[in-house]
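Asker: Quick one: the structure is below, and I'll ask about it shortly.
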Amino acid sequence: MSTLAREPFTVLWLQSGGCGGCTMSLLCAEAPDLAATLASANIRFLWHPTLSEETGDEAIALFEAVLAGEVRLDALCIEGALLRGPNGTGRFHTLAGTDTATIDWARRLAAVAEHVVAVGTCAAYGGVTAAGVNPADACGLQYDGRRPGGALGAAFRSRSGLPVVNVAGCPTHPNWVTETLMLLASDLMRAEDLDSYGRPRFYADHLVHHGCPRNEYYEYKASAEKMSDLGCMMEHLGCLGTQAHADCNTRLWNGEGSCTRGGHACINCTAPEFEEPGHAFLETPKIGGIPVGLPTDMPKAWFIALSSLAKAATPDRLRRNATADHVLTPPAVRDIRKR
Amino acid sequence: MSTLAREPFTVLWLQSGGCGGCTMSLLCAEAPDLAATLASANIRFLWHPTLSEETGDEAIALFEAVLAGEVRLDALCIEGALLRGPNGTGRFHTLAGTDTATIDWARRLAAVAEHVVAVGTCAAYGGVTAAGVNPADACGLQYDGRRPGGALGAAFRSRSGLPVVNVAGCPTHPNWVTETLMLLASDLMRAEDLDSYGRPRFYADHLVHHGCPRNEYYEYKASAEKMSDLGCMMEHLGCLGTQAHADCNTRLWNGEGSCTRGGHACINCTAPEFEEPGHAFLETPKIGGIPVGLPTDMPKAWFIALSSLAKAATPDRLRRNATADHVLTPPAVRDIRKR
Amino acid sequence: MSTETKRLVVGPFNRVEGDLEVRLDVADGEVRQAFVNSPLFRGFERILEGRDPRDALVIAPRICGICSVSQSHAAALALAGLEGIAPTDNGRVATNLILATENVADHLTHFHVFFMPDFARAIYEDRPWFATAARRFKAAQGESVRRALATRATLLHVMGLLAGRWPHTLAIQPGGVAKGADARDQMRLIATLGAVRADLEERLYGAPLERVAEIADVAELEAWRQAGPDGDFRLFLEIAADLDLARLGRAHDRFLSYGAYALDEGRLYTGGTFANGRAKGLDPAAITEDHSFARMEGREAPHPPFEGSTFPDGADETGYTWCKAPRLSGLPFETGAFARQVVAGHPLARDLAAREGANVRARVVGRLVETARTLIAMEGWVRQLHPGAPWCAQGAMPQSGRAFGLTEAARGALGHWMVVEKGRIARYQIIAPTTWNFSPRDAVGQPGPLETALVGAPIRQGETTPVSVQHIVRSFDPCMVCTVH
Amino acid sequence: MSTETKRLVVGPFNRVEGDLEVRLDVADGEVRQAFVNSPLFRGFERILEGRDPRDALVIAPRICGICSVSQSHAAALALAGLEGIAPTDNGRVATNLILATENVADHLTHFHVFFMPDFARAIYEDRPWFATAARRFKAAQGESVRRALATRATLLHVMGLLAGRWPHTLAIQPGGVAKGADARDQMRLIATLGAVRADLEERLYGAPLERVAEIADVAELEAWRQAGPDGDFRLFLEIAADLDLARLGRAHDRFLSYGAYALDEGRLYTGGTFANGRAKGLDPAAITEDHSFARMEGREAPHPPFEGSTFPDGADETGYTWCKAPRLSGLPFETGAFARQVVAGHPLARDLAAREGANVRARVVGRLVETARTLIAMEGWVRQLHPGAPWCAQGAMPQSGRAFGLTEAARGALGHWMVVEKGRIARYQIIAPTTWNFSPRDAVGQPGPLETALVGAPIRQGETTPVSVQHIVRSFDPCMVCTVH
């Protein structure tokens, strides 16, 4: 079956209270590049602020045509948090040229869209824009932090019957976005394919810890103590990889990268309210010397017992390398015979 | 500094008792592709059997020119084992059109090359071609299995003073080869950058286990029992990732792949005599119920104690998923609060 | 003008997989007789003896790095035969995808990297198409060569997704595949194949794959050449017309295919034989190997593979190659993409076979048409994967038994014959596509397909590595490490 | 012909980073007055207050996804200032590489994705260069657009290698970088940069980067246009000549740069100011922000950033933007790649500044010349990395203190001013490049650089989103999420 048999799957993309980083990331799609990826599933951007030719009136005319039902809208993508301030007016972001709050545009367009996709943690839950005192009264499309609600309300369902699809991540991996759109275009995304925070399970059912190259250090709790150390960053440097729902270490970023491959902690950027961990991001909070963030499903006591044993068993190699910024002792070359 | 300042680094590539797979793999070089990668370090292939125009006489003339010293040879790359049979004549492979055993060509060319590079486990140690009864009396350039010796002899040093650089792997990852050539071309490869089997440490100082996505299963010894299970393959399915020297799970193959990502064991293909493990490849041999191949540097008892504890502590999720071919229980979504 | 017969020995023959030597008897500016020598012997059939049968999945693929997956499929089929199991549906479809990926990649490599660069040789600089050919196909540098390698690398991401890596994956198992795919993998596969499609449609064909797959006869092919969309395909057709490649390299016109890509029912490309205008079924029992001119013992009589042996005889003088001569009912057969399409009944292939038989042009066209057909099928298979359904059936290996595995590799019919005794491999025989195509003469003196195809090839004044011979040889897409293993 | 003054409101203004609205007073077919509105306010400076100072490395980059690394560098510099440490040599060089990668990527994005597609608009279909421009630069589809995006993605592999990912890495630390590189990483970096070089040399410049970096004056630039190598650079020069872009969008010709890329000694691009033909040093203490026409409280007087505040005033009627007006010694300054090259003394930039000041053409040329210069420098830095030597110096955060971090982002001068009290951030002020360029009028009514540059822009009959205005606006490569944060 050729993918070209049917109508294109149309996408309209708006940006509001975000940093544009999700789009910047999206443009990094590779193997194949963004255009080829979208074309392979017959996905067409009606308009995207970074890519489209149409400016000003031309763009507004298109939005109006969509609202009027003249142009079918399969997916409305929103990047950036929705701003409710000041005082519920939403005027901390009026869509340029329209004198209308962007949050209102979002609500009107969401009403006619087959699917609504929140691109990035901002659009999903408020994200960094909602951090601290949340000066702009930012929220996500269907969540306000961990609380359901947000710009469209907890009850919102798009025409397809799905809630907002929360492609959370700050930024999103390019292919979290393209694959979500492709799955929607292929009619393969059902409600049960979203997790309890509305994230596509295809990436949210993984943990960042899966495939982290520091796994061997983790196994022995051979821990990095300072930035640039090679050891596992869970014990001291704030790594939440064992709890963060994402496939960053199996999918990889920008070639061979990922946060932990880049030497810094996973800060759990796909989670609602990741922006307020309650401690310094790059420091692991401890109670009684025990890290408070423990792996998902892991009974704490077991973890502690295992950890202390593992520490006792740590091979010298890992013990030394964990706190160095390059390998001091390589793994021994041993012949693998029958024992 | 532009790399174009100096003379090109010339490479002559011959194939003998191998399968051509190392070249096939090499052509998969990506980001950037092979041509761009080599060009970036000003590396020029004088001749490569797969890529070059010159056939027959044209090629032989070139080899002769190299032997005569008319054309400088910076690196002689040999792919495939060297065949000594039948009866030491080497005639199981005479280089076509020359009526001369390829092993003799290799010896003559090695004598004039600045560097000699064994591409693939065959060329390095004999590899699969030397398996079983070794019908062709195959060996590597400077090793015969684990024993130093081989076609050039243990004492051989190329003009640069280096022994044969053994880019072992079956096949080699495209960039093990390109990076080796680039390091040689950049004069950054010293004897101490090779490990005890002559492999470039830049990839041989890693273990395949580093970055394996099945790491969490490994941590709890939640093991796969049959092909297509999701669990760790060390306990039952022959995975040698914890002992195999290579960076397959951090560097990745063909996009997002690696052996263990592909659902099959690491069979330690960068090691001499990997072809004769002494048991079925996809089965883990055990003593007293304990896998005989244990992680490098790991005291066995610790491993046993840790394993049994870990097994006792295995979360239900991992226990169930380990022997399923798709995730039955995803990791729980828990909020990370300040505890 | 009458001349002496001259002997040419051509080698090393590159831009084929592995090492190859061709001996030619030349007279009056053309080849009179040809003798093909496969100069490398490793002994895989012997290496496999005495091992655990399942180890074949590790060892056999390493016969050849360019059709490694096909080798592993043949081994898996033989193991499945021994275990008495069949792959699950998902396993079957995923296996098809893995196989098809290798085959398409091989076709792309052949056309761009192995075959076309010969037209960028200086010998052709007076031809009207030369400038274009040189720009696009200069060995290792041409635009199309580089683009095709990039596309091939992209295509092989299918392997990263489904098989772990390529070459030499252990993904294909007797009961299916070692790893399942989920819906997101399906999307990545679609994107990957979409990118490949896009590049080929833009650069190679200049048209949708479907149009290529639908070329129905020689007239349409001719029309494509004259007024078809721009692209490397059309460039090739132009070159072929100018150099009359359709008259070059005809062999026996007996075609063999084991049938490729198991569908729910039947196969995407039906197998069998085709000769004298008629398609027939295939009796694997009629396959034998003749050692008369192979440097192998066992020359007394042709061997059915289950009784075959591989004892190299370095002292043999009549043998001129390490390659045995496979025969079907005593006859040599040609195999490969063109043969596969002819046997499968593709109308263009059938028309080509009827009008001009196999030749340099037909073989290349066959490969390019098949590439389009296979890619289209792959897109469908991706959608047939069913995440959640099982991927790998489990079986148990009997202590003894025998089974063969027949599949189609890029280059054609590949068979593995395995005999197990006491839980170990007692005998393993392999007949690869190029073994058929590049077989030497047999006991009754019948030359193999290439040997036949080379007779009559024109030799220019002073050529030592005649370009016509190169075209003919490469038109088969030979793989010498498969030929002799 | 004299007409009434008409008011045009142009927006949403896309192909700029973030949302932008421009109000124009138009008469006699040209712009008489312009008012720039940055319509989005998030409040990052407030979000940062009360946090652990080191959290700035997480929060600040998320001001902007296109210059995320620059933001993180400014924050790291401020933290280093507070901790009283400096990066290790490796840390400094790796930071340069990470920064330069972002800057080059941004320049490529700007030229291909943001700026050039305007010349593929139907309005230009009568121009001789239109067909080429449309083929190469049609928004989202043009050949060069797609190729450039691919090259940008390749370039950003530097981030995968050195920074983990992009945007929003935590790799840049006060004492250096979070991850070391080994010799093989160096090779991968060389290969990556080599691929970028190759594509730009082939497609964008048609010549070695060195030749571009060496263009010494306007005459050579003109020669390049007339007889230079084919490529998008030359295409742009042609278009610029045809549309007289050198006459479009001149502002105050006062240039500001904080200096970019710390070398062993000094910087690759020296910082300072350049105005009236003279280069000068810079006194950061002379920087203030004026809130007169920003919808912000604190209009009484301009604020030095260490005393700055960010209290949005939604009810304000005089303010027409959320953007404050930064001034150096009370004067508006233009910043960006062209300014940086002028300040750094690049001969062509200086010659352009002298002859025609900053304008649409000069800004674009400045960016393209800088791209070449920076890439050349990057290749050298890769070789200066020293595996085995330390990558990250360690420091300790004082309970209180203040420090600023000044760096150069793609779009120009970026400063973070941080005040720490009781171990927490007490005040954080950010002045981004586009804050300078797109600042509103100040207390004395001085319009910002863009507001000035737009005056005189020609408006065609019936245009509601005048194309000349678009060229001028985009020539600054504005980033609205930086402008107001």
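In case you wondered, yes, glycine gets a Cβ from its N, Cα and C as well.
Computed from a predicted structure; not experimentally measured.
Pulled the feature table from TrEMBL, pasting it below:
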BINDING   A:Cys19, A:Cys22, A:Cys122, A:Cys170  [4Fe-4S] cluster 1 binding site
DOMAIN    A:19-183  domain 'NADH:ubiquinone oxidoreductase-like 20kDa subunit'
DOMAIN    A:206-281  domain 'Cytochrome-c3 hydrogenase C-terminal'
BINDING   A:His209, A:Cys212, A:Cys232, A:Cys239  [4Fe-4S] cluster 2 binding site
BINDING   A:Cys248, A:Cys266, A:Cys269  [3Fe-4S] cluster binding site
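Give me the local environment of each listed feature.
Answerer: Under the three-state DSSP scheme, A:Cys22 ([4Fe-4S] cluster 1 binding site) falls in the helix class.
Residues in the domain 'Cytochrome-c3 hydrogenase C-terminal' (A:206-281) partition by DSSP class (helix H, G, I; strand E, B; coil) as 9 helix, 6 strand, 61 coil.
Taking Cβ-Cβ distances under 8 Å and a sequence separation of 6 or more, the neighbours of A:Cys269 ([3Fe-4S] cluster binding site) in its chain are A:Thr121, A:Ala168, A:Gly169, A:Cys170, A:Ala244, A:Ala246.
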Asker: Spatially, and counting Cα to Cα, which of the binding-site residues is closest to A:Cys239 ([4Fe-4S] cluster 2 binding site)? Options: A:Cys19, A:Cys22, A:Cys122, A:Cys248, A:Cys266.
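Answerer: Of all the candidates listed, A:Cys266 is nearest in space.
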Asker: Filter the binding-site residues A:Cys19, A:Cys122, A:Cys170, A:His209, A:Cys232, A:Cys269: retain a residue only if its CB is under 8 A from a CB of chain B. Output in sequence order; output 'none' if empty.
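Answerer: Of A:Cys19, A:Cys122, A:Cys170, A:His209, A:Cys232, A:Cys269, the entries that lie near chain B are A:His209.
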Asker: Which binding-site residues are spatial neighbours of A:His209 ([4Fe-4S] cluster 2 binding site) here, meaning Cα within 10 Å, out of A:Cys19, A:Cys22, A:Cys122?
Answerer: none
Asker: Rounded to the nearest angstrom, how far is the Cα of A:Cys212 ([4Fe-4S] cluster 2 binding site) from the Cα of A:Cys248 ([3Fe-4S] cluster binding site)?
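Answerer: So the Cα of A:Cys212 ([4Fe-4S] cluster 2 binding site) lies 9 Å away from that of A:Cys248 ([3Fe-4S] cluster binding site).
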Asker: Return the binding-site residues from the list A:Cys19, A:Cys22, A:Cys170, A:Cys232, A:Cys239 for which some CB of chain D is under 8 Å from the residue's own CB; sequence order; 'none' if the set is empty.
Answerer: A:Cys19, A:Cys22, A:Cys170
Asker: Quick check: in three-state DSSP terms, what is A:Cys170 ([4Fe-4S] cluster 1 binding site)?
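Answerer: The three-state answer is coil.
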Asker: Within 10 Å of the Cβ of A:Cys19 ([4Fe-4S] cluster 1 binding site), how many other Cβ atoms can you find? Include all protein chains, please.
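Answerer: Cβ-Cβ neighbours of A:Cys19 ([4Fe-4S] cluster 1 binding site) within 10 Å number 36.
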Asker: Distance between A:Cys212 ([4Fe-4S] cluster 2 binding site) and A:Cys19 ([4Fe-4S] cluster 1 binding site) at the Cα atoms, whole Å?
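Answerer: One finds 28 Å between the Cα atoms of these residues.
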Asker: Can you name the residues of this chain that are 6 or more positions from A:Cys232 ([4Fe-4S] cluster 2 binding site) yet have a C-beta less than 8 Å from its C-beta?
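Answerer: Set apart from A:Cys232 ([4Fe-4S] cluster 2 binding site) by at least 6 residues yet with Cβ under 8 Å, we have A:Arg214, A:Asn215, A:Tyr217, A:Tyr218, A:Lys221, A:Ala222, A:Ser223, A:Ala224, A:Cys239, A:Ala322.
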Asker: Can you tell me whether DSSP puts A:Cys122 ([4Fe-4S] cluster 1 binding site) in helix, strand or coil?
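Answerer: In the DSSP reduction, A:Cys122 ([4Fe-4S] cluster 1 binding site) maps to helix.
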Asker: Between 0 and 100, where does the mean pLDDT of the domain 'NADH:ubiquinone oxidoreductase-like 20kDa subunit' (A:19-183) sit?
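Answerer: Over the domain 'NADH:ubiquinone oxidoreductase-like 20kDa subunit' (A:19-183), the predicted model scores a mean pLDDT of 97.
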